[in-house]
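Visitor: Here it is, the structure, as structure tokens.
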Amino acid sequence: MTTQAPPSNLLPLNPEQLARLQAATTDFSPTQLAWVSGYFWGMLNQQPGAVVNAPATAVEIPAITLISASQTGNARRVAEALRDDLLAAKLNVNLVNAGDYKFKQIASEKLVVVVASTQGEGEPAEEAVALHKFLFSKKAPKLDGTAFAVFGLGDTSYEFFCQSGKDFDSKLAELGAERLLDRVDADVEYQAAAAEWRARIVDVLKARVPKDTPAQAANSASGAVNEVSTSPYTKEEPLVASLSVNQKITGRDSEKDVRHIEIDLGDSGLRYQPGDALGVWYQNDPALVKELVELLWLKGTEQVNVEGKTLPLSEALQWHFELTVNTANIVENYATLTRSETLLPLVGDKAKLQHYAATTPIVDMVRFSPAQLDAEALIGLLRPLTPRLYSIASSQAEVESEVHITVGAVRFDIEGRARAGGASSFLADRVEEEGEVRVFIEHNDNFRLPANPETPVIMIGPGTGIAPFRAFMQQRAAEEAPGKNWLFFGNPHFTEDFLYQVEWQRYVKEGVLSRIDLAWSRDQKQKIYVQDKLREQGAELWAWINNGAHLYVCGDANRMAKDVEQALLEVIAEFGGMDIETADEFLSELRVERRYQRDVY
């Protein structure tokens, strides 16, 4: 970081002091500079006449370490709100993303608060994987001198609801830490639960920290360390943009319907980086709303209350409630409410409830187990509609005021009736070109190109997991980055499912893409996947890794990401001369060094 100094006659420092200050801070990150700024501010604001010789009193106040383990941004938002609450209470708090936390220092922590989301089949957020592994390893220290609290975020439509939060909570207690507050497990509608928990944990922490000490003011600014987005557009206040291109990029005979979507951001000034995600607010299909209303013998004109507003039922269902994802809780509550002879036997059997919810959309649950509900009872069953996140498939270095995404339209039949995913069918079928789309950027600092343009990059992205790597290549091409780039891509058929084929061929021809390995799972009798290609190219892959390459994986979390990681472990073990356990430690080190990054869902 370089700073243009003002004229020397305006500085309160002499040249020697200025040189020492610049030398001491030249390699500081923005986070560290913010902390130092707050620390000196605190020193300045001690009582008049006080003499500051050394920050000796600062260590008397236990710092609250607030760890954000976020996958889609919700955990980060809760953690940032708690940080602000703690600062307002004049408590010393240090907010850190789990991926940046030096987890071996946990034994020296006095107060730890974890806000943890869950992904996939009960796995921790990507940025928290290394910390999770460390705590569950033999290297984890005893934490007898530590007190902690955990807030978990999850989605009850998944079997392992809030499992990551449960893991952190149980393991910290097992290691000897004192639980300050019972863990809270919050569903997608987490805001009220989070607000209540924040108030409770602030009160608990205030009772643990000595009062009225100068060190509190000196350290309180250390919590204000996260970069704050200056964009006026957020999840709560999205940009109303325009859909300019909706192009099917799979072949006529493909079993998949994948769309290349381009959205015009106009003069909004909305900025993003390769690796970020686009949040899309969608509306439910009016035909689906009509079908559900009629199945329940309702009219759709009934008035219901939504967040303090009175709306017609049909409008509320189209704009405000999730209709395409069923959950075990919804099934259980519907069964109890309607006394359904079909569904009541499932109540109490978690596995059966989960399976039924995963295979039976809400509208078909009502069709198979009909009942008559009033409008408010229906609304009470449903969860609020939430935006969907899509990996961004473009770089503003090339597309400027546009953002591109790659959308796999979810389509299936239930007993001959066509069903579709909420957001994907909205984008693929119901938004006309030049139609309005409400969007926002979800920044993802855990999926970034190397800072050094000479660093080699290995990208593994089957299916729509290819999206962020299109952004990566646009960025590397625009910067004329000399680093080598290697892409692994897979899909069922070469002729029908080679997404962005012409672009990849052009990048190869121009030398931007150094090599590409393709896996077509259905073009031959034996299925071939990207993980098979990784093993096939193991020696070269290991050579790239040894040469400092960064590894990136994007796509399905439940199967692909696990299979790819297993293949990577086998390659590292075989060609690195390690056993699997040592290879796992090696891969964990790559993760800590930000050389192994995943965007999985």
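Numbering starts at 1 and runs along the chain as displayed.
Cβ coordinates come from backbone N, Cα and C, glycine included.
The structure displayed is predicted, hence computed values, not measured ones.
Got these off Swiss-Prot a minute ago, pasting:
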DOMAIN    64-202  domain 'Flavodoxin-like'
BINDING   70-75, 117-120, 153-162  FMN binding site
DOMAIN    236-450  domain 'FAD-binding FR-type'
BINDING   Thr324, Ala358, Arg388, Leu389, Tyr390, Ser391, Thr406, Val407, Gly408, Gly421, Gly422, Ala423, Ser424, Tyr601  FAD binding site
BINDING   Ser521, Arg522, Lys527, Ile528, Tyr529, Val530, Gln531, Asp563  NADP(+) binding site
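Tell me about the surroundings of these features in the structure.
Guide: Taking a C-beta cut-off of under 8 Å and a sequence gap of six or more, Ser70 (FMN binding site) has these contacts in its own chain: Arg76, Ala79, Asn97, Ala98, Val115, Ser117, Ala125, Glu127.
For Gly422 (FAD binding site), other Cβ atoms within 10 Å of its Cβ number 20.
In this structure, Lys527 (NADP(+) binding site) belongs to neither helix nor strand by DSSP; it is coil. The Cβ of Lys527 (NADP(+) binding site) has 13 neighbouring Cβ atoms from other residues within 10 Å, across all protein chains displayed.
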Visitor: Roughly how many Å lie between the Cα atoms of Asp563 (NADP(+) binding site) and Gly422 (FAD binding site), rounded to a whole value?
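Guide: The separation of the Cα atoms works out to 28 Å.
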Visitor: Give the maximum pairwise CA distance in Å, whole number, for the residues Thr324, Ala358, Arg388, Leu389, Tyr390, Ser391, Thr406, Val407, Gly408, Gly421, Gly422, Ala423, Ser424, Tyr601 listed as binding FAD.
Guide: 24
Visitor: Can you break down the domain 'Flavodoxin-like' (64-202) into helix, strand and coil residue counts using DSSP?
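Guide: Across the domain 'Flavodoxin-like' (64-202), the residues distribute as 58 helix, 34 strand, 47 coil.
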Visitor: Looking at NADP(+) and its recorded binding residues Ser521, Arg522, Lys527, Ile528, Tyr529, Val530, Gln531, Asp563, figure out the farthest C-alpha pair and report it in angstrom, whole number.
Guide: 18
Visitor: Which residues of the same chain, at least 6 positions away in sequence, have a Cβ lying under 8 Å from the Cβ of Arg522 (NADP(+) binding site)?
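Guide: Those within reach of Arg522 (NADP(+) binding site), by Cβ under 8 Å and sequence separation of 6 or more, are Pro492, His493.
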Visitor: Limited to the domain 'FAD-binding FR-type' (236-450), I'd like the whole-number average of pLDDT.
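Guide: Reported value for the domain 'FAD-binding FR-type' (236-450) is a mean pLDDT of 97.
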Visitor: What Cα-Cα separation, expressed in whole Å, is found between Tyr158 (FMN binding site) and Thr324 (FAD binding site)?
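Guide: One finds 14 Å between the Cα atoms of these residues.
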